[in-house]
């Protein structure tokens, strides 16, 4: 299997040489074609990466770290984000199963994985919360995963209040075991991976109209505007440093403002 197809949030790994931020940085540095290829292989494995409170390995660690992972390119420049026309025809099969009786009346909250709930790296770090083995072209690589601050509290509160769905542009071979370790309470009623995304103009987009839920009752929490470019009015962009009270409070305020049978106001992006 082509290892470039394992983990990328919104950029198509087949077009990374043109589309991904990681490859643009490689070109700017004028490094060799071989290094470009290696970088794209592992840049494509995860979604997005920013600085975390990471403890580097001790100096006597003999493990040769893989190239650092880059934040994907996408179209995350807020001023340039455009609303894309959505096809008028509904999908023949929805991504989510029928709503459970226990979730009637609840809004559906779609939650991203990488850089929203966790930060992952191929480089060994001493304070990783999880270490997940991932097979790439017959070789097992260790992925070091850090939970975002307050993620446990956030998930538990969200599970009590909403129908929660994990939706990531990463492949299941990486994201599913991470979700197993992260979601100890069974908060996520469904998990959706890259194959559930729509590839649109070089980006993996999470088309909320394919979920099988009333759009006015769907909210998406994601660090990448490119992921929800079809439905920006449904997005609650995550806070930069914290996860927990800010997002939950925002959702609760919106819930009260909309009322018991309320909906998300059209053309009123959640900031």
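Count begins at 1; order follows the chain as displayed.
Placed from the backbone N, Cα and C atoms, the Cβ positions cover glycine too.
TrEMBL does not curate its annotations; it predicts them automatically.
According to TrEMBL, the protein has these features:
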- 112: active site, 4-aspartylphosphate intermediate (ACT_SITE)
- 114: active site, proton donor (ACT_SITE)
- 102-261: domain 'FCP1 homology' (DOMAIN)
- 168: site 'Transition state stabilizer' (SITE)
- 206: site 'Transition state stabilizer' (SITE)
Taking every residue in the domain 'FCP1 homology' (102-261), the average pLDDT works out to 89
The residue listed as 'active site, proton donor' to residue 206 (site 'Transition state stabilizer'), Cα to Cα, whole Å, comes out at 14
If you measure between the CA atoms of the residue listed as 'active site, 4-aspartylphosphate intermediate' and residue 206 (site 'Transition state stabilizer') and round to the nearest Å, you get 10
Sequence-ordered list of residues in the chain of residue 206 (site 'Transition state stabilizer') that lie 6 or more positions away and have a Cβ within less than 8 Å of its Cβ, or none, is 110, 167, 169, 192, 196, 197, 198, 220, 222, 227, 228, 230
When the active-site residues 112, 114 are compared by other Cβ atoms within 10 Å, fewest goes to 112
Mapped onto three states, the DSSP assignment of the residue listed as 'active site, proton donor' reads strand
